[in-house]
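Going by Swiss-Prot, these are the annotated features:
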- 3-23: transmembrane segment (TRANSMEM)
- 29-49: transmembrane segment (TRANSMEM)
- 78-98: transmembrane segment (TRANSMEM)
- 133-153: transmembrane segment (TRANSMEM)
- 202-222: transmembrane segment (TRANSMEM)
- 273-293: transmembrane segment (TRANSMEM)
- 300-320: transmembrane segment (TRANSMEM)
- 337-357: transmembrane segment (TRANSMEM)
- 387-407: transmembrane segment (TRANSMEM)
- 472-492: transmembrane segment (TRANSMEM)
- 651-671: transmembrane segment (TRANSMEM)
- 676-696: transmembrane segment (TRANSMEM)
Amino acid sequence: MSLVYLLGGLIVIMLIVLMTLFIKSLRRFAGYIALLAPILASGYFLAQIPNVLHGKFVEFKIPWMPAIDVNLDFRLDGLGLMFGLIISIIGVAVFFYATQYLSVNRDNLPRFFLYLLLFMFSMLGIVVSNNTILMYVFWELTSVSSFLLISYWYSNAESQLGAIQSFIITVLGGLALLTGFIMLYIITGTNTISELLTQSHSISEHALFIPMMIMLLIGAFTKSAQFPFHIWLPKAMAAPTPVSAYLHSATMVKAGIFLLFKFTPILGLSDSYIYIVTFVGLITMIFGSVTALRQYDLKGILAYSTISQLGMIMSMVGLGGGIAQHSSGPMAETYTLILFAGLFHLMNHAIFKCALFMGVGIIDHEAGTRDIRRLSGMRKFFPKMNLVMTLAALSMAGVPLLNGFLSKEMFFDSLVSAIELQQFGLTLTIIVVAIGVIASIFTFVYAVYMLKETYWGEFDEKKVPKKHIHEPWLFSLPAIILMVMIPIIFFIPNFFTEHLVLPALRNVTNLGSSVDAIAPHVSQWHGVNLPLIFSVIVIIVGLILALKVNWKAITHQVIKYASITNSYRNVYRGFERYSGQMIRGLMNNRLNHYNIITVLIFSILIAYGIFQVGLPKLHQIEVSEFGPLEVILGIMISVVGIALVFIRQRLTMVILNGIIGYSVALFFLLMRAPDLALTQLVVETITTILFIVSFSRLPNIARTTANMKKETIKIIVSFIMAGAVVTLIFIAQQGDGLESISKYYTNAYELTGGKNIVNAILGDFRALDTMFEGIVLIIAGLGIYTLLHYKDRRGQDERK
């Protein structure tokens, strides 16, 4: 089954959910209709596992802008399959969870699920794109849909702030990504990702390789909340909990990691890439794990834990990047192990972190708070969530018999492998191992700290907002199913790695099925070795620190002096002040000022173009025949135009302006263009009448006398504009070697069936221009409608 059917099916479901916005009786079912989308996607990707295992890729391509190699090009490979299954299967759980979380009466269900579907569609688009520009389009669509979902409760100031902050950071990162993709196109001449991966060595030798790599890293780090771009993720927790469980733990924040996995065969050829990604990941890991301990909000703890876990995965992506330089031998086996560990932990993290977010959402929904200072003793009210969150948190901490233990062991194995690889030198390698172990200890500490503060201790009824607390079964079901997966993966890990991780590894390493021979076999017991010793140290030290130390007091003092968020706010306010000054300087409500700026910029661009390429070779200048009438009209237009500069009376100015317009119409008539003359006459008549009628609405403000200095400037600018236009006409006349585009439009009848060439141009050849012009008119009309129906609401909140 082609990818087009999957994408088409998702679009149809989105349209049906959109229809429920306007059909009141169907609004309550919007969530269940939307649930069909992740179910459909899950079924599709599960059905493709046998094909991908046998090396068969599902491909689909429609030309879009083939001249610049921008096409609707989709390709499902092993890496895309793994991410597609995570997005769709976690999506089934989250969509069902959201139907129980949101209120039919209070929340706009169609709007929420439409945004969620748009996000899922965009995320799937990223992982199956085989064209860099197409991937960028979906990349920015995830930012837009994330903005809409975070600001879903738009009356909440925190939601607005979180949405704006995440949008600014991720969109700027997206622009950096686009810059990197453009550089790749300059280097190779193609935007097709599968072709780019075959040219990795020639790309790495190009002068633009390092700038391109930096741009791609900025795009990945901003999307995956890596230090110092992590600040948007905690603020995004203002979104409804289903959004946090889906976007900000399991899917969207993995997009940057997906990008680096995808381009590892190219980027891994640089040692700088390995250094940057590894150390950024480890710094993010330890920063997130320490910062999680100063949070009182359960979602805040999970936000920083997500940042920490993403850093852990990112460090493995960086360490394993050396596979691009060593595709065979013992080193290839070690790099393969590291990349395998990163992919395996990515899957495990999606499961246990989504379960944790769902548990927190249920507590918040039923108890009315997420503040751990008010939630002690919750085990008696939420026994199922106590079990779910305990298993999920301990899995994240790396406790045996849970899936997180296996991938944490492989992470430690990766750190130990760094010693064997001698990638960083002995000193840096020791630092790498130390950071990884210390960050893992803090991961254990905040996992136990979260459970202790929420479920242990005595319940205080006075601190909890809601008095009738219960734990609905349907609400808990998705989290329970995810919890069950945690020990299952521990006991049968190779079933999942062989069907998901291994196909993805083939693409990440770019070795194909030959990587199967060196891929690791996951075992629950490897004997007593260094990774196991690290795990024991983490558990023992973590327990002592979690139970004996007051982390809230310590971390608050340490981190408050180094707040990245405050730096972001200062930079944001600085840009806001600067942009305000610029806008006030440019937008001074003087139309002639706007016209002068526009004319000067237009003329400067023409002058710059002439300076760069020079004027065309001068041929004989042909002047059209003209008679006395043309000369009289030309003199009259010039005289009236100069007079307009000095006249102050409004009515006189409008009449003189009309005279110029009618004179131009006569010019068209003399040049044998009656249709243009008629159009000019109609437009000039209508605008003149509108000007005169509008005078009755304008205030009777005395007009100042003409200022010769200002009027002289206007005359000079007018001559500059006239010179620019004449120059363009001159250039057009000298372009004898260039074929005129007007000949193409003579095919109007054959290509469009239209007998009127103007209609054919507007409706076919320039259809997009016409459509967007119509959209502009609609937007302008909506603005006018709003102004006409505006009511004075001073003293009220401007957003109400």
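Every residue gets a Cβ built from N, Cα and C, even glycine.
Beyond its flanks by at least six residues, the transmembrane segment (676-696) meets 650-651, 654-655, 657-658, 661-662, 664-666, 668-669 of its own chain at Cβ-Cβ distances under 8 Å. Packing against the transmembrane segment (300-320) from elsewhere in the chain are residues 224-227, 230, 233-234, 236-237, 244, 248-249, 253-254, 256-257, 260-261, 264, 268, 273-289, 291-292, 335-336, 338-339, 341-342, 345-346, 349, 353, 356-357, 360, 372, 396, 411, 414, 417-418, 423, 436, 439, 442-443, 446-447, 449-450, 508: each is 6 or more residues past its ends and has a CB under 8 Å from a CB in it. Only pairs six or more apart in sequence are counted, and the transmembrane segment (472-492) with the transmembrane segment (337-357) gives three or more Cβ pairs under 8 Å, enough to call it a contact.
Counting only same-chain residues 6+ beyond the ends of the transmembrane segment (78-98), those with a CB under 8 A from a CB of the stretch are 31, 34-35, 37-39, 41-42, 44-46, 48-49, 52, 112-113, 116, 120, 123-124, 127-128, 240, 242, 245-246, 250-251, 254, 258, 261-262, 343, 346-347, 350-351, 354, 358, 361, 475, 477-479, 481-482, 500-508.
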